[in-house]
Amino acid sequence: MLTAVYPGTFDPITRGHEDLVRRAVRLFDRVVVAVAESRNKRPFFSMDERVAMTREVLADVPQVRVEGFSGLLIDFVAEQGAIAVLRGLRAASDFEYEFQLAGMNRNLKPDIETLFLTPSEQYMFISASMIREIAQFGGDVTPFVHPLVARRLSEKIREN
C-alpha cells in the first residue's frame, strides 16, 4: 500500500489544503494528514480542535486518516510506513524553505521522498493565517474554508 503523509498545522484547514489532499489520494492508496503540534507557533485552535475539524472536513475520503503528532516529522512518516512527504507550494517563496527541509529529511531518512504539489489556481493565494485574520475582522471566509470551519472560526472568535 503506497502511503504519503501530508503534514501541517492546519490552523484551520483551508480549501487549499483540502484540494491538495483530494488530489493526493489519486496518487497514493492512503494519505495520512499529520496535524502538527507546532511548538514554534501559537495556534489559534488547539491540537484536538484542529484534528477534529480536519477529520470532519475529510470524512468523505476513505483513503485519508488524520492524526496529530509532535516530534520530528520524518520519524512520524517512518512510523506510518509512508514512502513520501507531501508538501504544497503556493509561491516561489515557499520553495527555499521546503527545499532545505526536504534535504534535511532525505539526510535523516534516505528512503522517504518529498513530493511537492502546487495548489489548484483558485487556491494559490489562500493561507490559514490570512483566513484567521479575515475572520477576526468579521470578513466572509466561506469561499476559502469548508462551512464547518467557517462556523468554528466564528464560534472561537466569539469565545475570545
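Each Cβ is built from the backbone N, Cα and C atoms, and glycine gets one as well.
A strand conformation is recorded for Arg87 (substrate binding site) in the three-state DSSP classification. If you look up Swiss-Prot, you'll see Thr9, Lys41, Leu73, Arg87 marked as substrate binding site.
The ATP binding site annotation in Swiss-Prot covers Thr9, Phe10, His17, Gly88, Leu89, Arg90, Glu98, Tyr123, Met124, Phe125, Ile126, Ser127, Ala128, Ser129, and the record cites sequence analysis as its basis. Neighbour list (Leu89 (ATP binding site), Cβ cut-off 8 Å, at least 6 residues apart, same chain): Phe95, Glu98, Phe116, Leu117, Thr118, Pro119.
In the three-state DSSP classification, His17 (ATP binding site) falls within a helix. The 10 Å shell around the Cβ of His17 (ATP binding site) contains 24 further Cβ atoms across the protein chains shown. The site 'Transition state stabilizer' annotation in Swiss-Prot covers His17.
Taking the Cα of Arg87 (substrate binding site) as the reference point, the closest of the binding-site residues His17, Met124, Ile126, Ala128 is His17. For the recorded site, Thr9 (substrate binding site), the DSSP three-state label reads coil. Once the Cα atoms of Thr9, Phe10, His17, Gly88, Leu89, Arg90, Glu98, Tyr123, Met124, Phe125, Ile126, Ser127, Ala128, Ser129, the listed binders of ATP, are compared pairwise, the greatest separation found is 19 Å.
Around Met124 (ATP binding site), taking its Cβ as the centre, 13 other Cβ atoms fall within 10 Å, counting all chains. For Ile126 (ATP binding site), the number of other Cβ atoms no farther than 10 Å from its own Cβ, over all displayed protein chains, is 19.
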